[in-house]
Amino acid sequence: MDRTAATLIAALMALLAAASLVWMFQGIGGGNRAFILHLRATKLAGLVVVGAAVGIATVLFQTVAANRVLTPSIMGFDALYVLLQTGLVAALGVAGFAALPVAAKFLAEVAAMSLLAGLLFGTLLGRGARDIPRTILTGVILGVLFRSLSTFLARIMDPNAFAVVQSVSFASFGSIDAALLPMAALIMAGCVAGALWLAPRLDVLALGREVATSLGLRFDRLVLVTLGLVGMLVSVSTALVGPVAFFGLLVAGLAHGLSPSARHAVLLPVAGLIGAAILVAGQTLFERLMGQTGTLSVVVEFAGGLFFLFLLLKGRVR
Amino acid sequence: MIRINGLSHHIGPAPILHDINLTLPRGKLVALIGPNGAGKSTLLRLIARLEPLQRGRVEIDGLDLASTPTERLALAMAVMGQQTQIASRLRVAELVGFGRWPHHQGRPRPADREAVENALEAFGLGPLRHRFLDEISGGQAQRAHLAMTFAQGTDWLLLDEPLNNLDMAHSRALMARLAELVRGSGRSVVTVVHEVNYAAAWADHIVAMKGGRIVAEGPADTVLTEQVLSDLYDTPIEVSRHDSRPLVLHHHWHDQLGAPYPKASDADRFPLH
């Protein structure tokens with residue numbers, strides 16, 4: 001890693017550390033310090049896990065898709081999440097949904113969404129259909145199917161149940177469940193370690209099928225493994241905070257823009273740190289300094305959406 | 001040597017190659033020539049394992065293409081396809097450095113860095129080494145891709161229309177570099193070329209293809225005759241001599257006024273989509 005890249009990573013770590021310190025100790029009073037610090041530390045860990053998972057998943061996905069405008073959410077993950085929630089509320093009712101064990105529900109969601117990635121990409125790529133655009137189009141169509149099914153279920157359920165569905169269908173960085181964190185952090189750490197181990201191969205993968213194959217890379221196998229990692233990372237973040245459509249795009253765009261190298265050994269940590277820093281700094285700003293007068297998820301999605309339009313208008317679709 | 005036995009290929013209903021049997025010699029500069037749709041690029045891509053084999057067998061220096069791990073094949077042959085667009089934002093030297101990937105798998109050693117420097121030097125890319133690929137011309141990017149292939153240091157180089165985007169001086173320089181590789185270090189080059197005179201001037205062995213079949217092969221003097229070339233391209237062609245090599249002439253444009261368009265190949269007759 002060259003000096004510029006190391007400096008960038010160090011600066012982002014310092015930024016994240018500074019934002020974390022402000023988050024932890026800003027306005028801490030005299031009483032119940034231990035309780036407050038524990039509460040804040042839990043939420044901080046959640047924000048870091050989600051930010052890093054979304055950033056790294058998007059960079060990995062864009063490498064596979066050879067496209068800087070796509071995000072994993074376009075493959076229908078967020079739509080599946082909403083469908084799962086809607087289906088559970090419709091089947092169990094409000095009381096039954098609330099009574100579900102949190103950890104089991106989380107693992108089931110991670111498994112369901114990872115299974116989708118495996119089925120979708122395994123089927124499409126395993127049969128020799130080496131066509132990433134077709135795979136992505138299939139994901140978009142599945143997303144539309146999941147959204148339509150959710151809408152259908154929402155129309156036939158009672159208004160109280162619909163209100164519960166609404167509450168879990170939007171991203172919320174303010175209500176991360178502490179019970180999920182250890183598992184989520186473990187899965188995220190495993191995926192990140194795997195992605196970093198694959199980083200030199202991902203650099204070759206980014207050259208495209210033809211060049212990568214001629215350099216001796218097992219292209220299809222690496223695409224499948226990478227998409228499996230993307231599926232798990234997106235599952236973790238979606239289950240923790242709900243669907244986020246454009247946040248990953250913003251993080252990946254910033255990572256590519258700031259990083260002095262296209263090497264994944266640099267890009268992946270940069271994306272993870274940017275994602276975590278944005279969420280921690282943003283949540284600190286909105287929750288502490290602005291007294292909950294704004295919602296981070298809305299602002300992040302708005303900024304990501306503007307960035308998406310900027311990429312389209314600039315023609316930087318590759 | 002490369003041995004090809006019973007190689008057939010089709011895309012959808014369109015037959016592209018028909019039962020090709022061919023032996024390509026080691027230590028030679030081999031040129032694949034023929035009209036559009038002849039199957040030259042498909043043949044090269046099949047040898048380069050960029051397309052899966054449907055029928056037939058290909059061996060490269062005794063390595064069976066179907067059963068040899070792709071990592072091992074990358075140490076035996078370097079390939080440059082027609083597609084030179086890359087999504088990553090890379091500098092010229094970084095791209096050329098990827099040519100050493102099969103040797104170091106991500107951990108370059110001094111010998112790898114030396115090979116990259118030699119490749120940059122060989123293709124006159126020294127002054128461009130720090131430029132991004134999207135900041136240089138198509139011809140310069142083509143040279144960067146060629147340098148990457150060169151840096152791979154394999155016995156075989158398979159090149160699909162390497163003269164695309166290159167001006168006359170760089171085309172000539174590239175063919176000379178390939179000839180030096182063959183004659184100086186005993187490496188073997190197989191290249192698809194459209195401009196027959198480059199094949200006439202530099203190739204040791206020429207394979208002429210039409211409609212997915214091989215119609216002639218051998219040294220330039222035996223393949224580049226008026227009869228073979230006129231039949232190959234369905235157009236009147238004269239062959240002269242220059243520096244004791246054939247020189248192909250086909251610029252009598254006034255003879256062509258009102259002439260029918262060249263006949264469609266099999267590939268043209270079958271829609272691919």
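Cβ atoms are placed via backbone N, Cα and C, with glycine included.
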Quick one: sort out which of A:10-30, A:136-156 is the transmembrane segment according to TrEMBL.
A:136-156
Quick test of your reading of TrEMBL: among A:204-225, A:292-313, where does it put transmembrane segment?
A:292-313
Can you say which of A:136-156, A:176-199, A:265-286 has the most Cβ pairs under 8 Å with the transmembrane segment (A:44-67)?
A:265-286
Which range out of A:79-100, A:136-156, A:176-199 gives the transmembrane segment (A:265-286) the most CB pairs under 8 Å?
A:176-199
What parts of the chain pack near the transmembrane segment (A:79-100), using Cβ distances under 8 Å and only residues at least 6 beyond its ends?
109, 112-113, 116, 142-144, 146-147, 149-150, 153-154, 156-157, 160-161, 164-165, 168-169, 238-239, 242-243
